[in-house]
Amino acid sequence: MPKTASRRREITQLLGKVDINFEDDIHMSIANDLFEAYGIPKLDSAEECINTAFPSLDQGVDTFRVEYLRAEILSKFDGHPLGIDTEAAAWEKFLAAEEGCRQTNERLSLVKYHDNSILSWGERVIHTARRKILKLIGESVPFGDVALRCRFSGGATTSVNRLHGHPSWKHACPQDVTKRAFKYLQAFKRACGDVVDLRVNEVRTSNKAVTVPKNSKTDRCIAIEPGWNMFFQLGVGAVLRDRLRLWKIDLNDQSTNQRLARDGSLLNHLATIDLSAASDSISLKLVELLMPPEWYDLLTDLRSDEGILPDGRVVTYEKISSMGNGYTFELESLIFAAIARSVCELLEIDQSTVSVYGDDIIIDTRAAAPLMDVFEYVGFTPNRKKTFCDGPFRESCGKHWFQGVDVTPFYIRRPIRCLADMILVLNSIYRWGTVDGIWDPRALTVYEKYLKLLPRNWRRNRIPDGYGDGALVGLATTNPFVIVKNYSRLYPVLVEVQRDVKRSEEGSYLYALLRDRETRYSPFLRDADRTGFDEAPLATSLRRKTGRYKVAWIQDSAFIRPPYLITGIPEVKLAS
């Protein structure tokens, strides 16, 4: 056996103890120990974890940062014993959003807008936004571009469950389609000729409305779309995403919003606006008013007119689409950007300050209040808790800033039941409690307390930050288990055990064929956009997680270069 392989096997055995358990309420103990170390009150109940008030902005950065962590750390925990029927709460919000869209459709259908000054202002913004959208995307739909960008997602459809959600299975199995979308499938089939076999399972009128876990207070409602509808929806979404780049809005990159939020917290010239249930509040009439007729017809043809609830009830949608639709994210980004830019134009404010990522909106502070008036007029509800127009705090796209300082909290989202869960939490404490690897001594005491609960060898095994949470993040140069081979470092990490699930070779071929077509012909697709593609599309099996963990090895991509050619390559020895 080669020396490297022998050493890897030896280390794998040393780190083999991964089945350990923790107390049920250890998440609360970790949080309260942190608060005690920083001298702030502990959390006494599950209700307090999710209902802690936003901290005062009239204090220093360090104090705010800790109090903000207290308000957020367990706010998204999914195991609080609150006795709330989270599914019922989700459906209540879903039906409320539908009622809101119905009222918006009626309001926007009125002919006389001039009776009220706000409505007159709203009408001006809508007409300006319509003109901007027309100029951006054109009057006619570029069906050729849409066809080149159509693809299946990796999720469930009305005919295929999540387990078989990979595109290769969807190409191999007949998929559902709605009656109005069927003509696009026929046209696509004629364009492909005999190269692909596009089969239909059922022609239907509805999608499936379901809930997925969100937090301890409520679930989240989404829709599972017919497979072929999703195929074309994603093509439309990709084209809209391309067009938005002409406004310097890149939906593949959150860093622009994050950077602008930092600048806004420092200079107070930009506001961050967040909307509640944004994707469930895009009414049909609003889309009809804003989009060119041909685009509107396409969007309505590809949507599902109805949704089937788990209890069998059928709901006729008042909104254009919901979470789960393939073009929802791009469409809402387009609408919010157009409205925001229109408000700026009418107020004679620089439109370049507008940046949008979904329902995360950044705009000049002077335009924030008029923009929120328009949003309320067209049926959206600003989330006042996450909207910041004045003061030293801003938040956007997962980054939180106070006077230009990163105060982003970390979250404990689920119970800590295994070694992998504890490593994730300890790494979160490390990232929150260090600056360039230098510890805040208050956070270090808590980190070291819970570090002792890990097996000894896992305490010593460290990997560089940026390589996931399969091991503790830290000073990797002292890791006794690292293996240096061909000027690269190999690190042992925890990975979830996976099993192979066979898939159709025919479906794999079609997936590879259409995927390569997209990467070859799209003029907008950059190298960074290709990272989400399956690297082995023709493999005859896929990996499925099992909930168990084992030791695997990752390779450090950093090339170890000798400092001088004369001295040669430095020798790196492993600790015994």
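In case you wondered, yes, glycine gets a Cβ from its N, Cα and C as well.
Binding of Mg(2+) 2 is attributed by Swiss-Prot to Asp359, Asp360, and within the candidate set Asp274, Asp280, Asp440 the record adds Asp274 to that site. Of all the binding-site residues given, namely Asp274, Asp359, Asp360, the one with the smallest number of surrounding CB atoms inside 10 A is Asp274. Sequence-ordered, the extra residues of this chain that approach the Mg(2+) 1 site, with Cβ no more than 8 Å from the Cβ center of Asp274, Asp359, Asp360, are Thr272, Ile273, Leu275, Ala278, Tyr357, Gly358, Ile361, Asn383, Lys386, Ser396.
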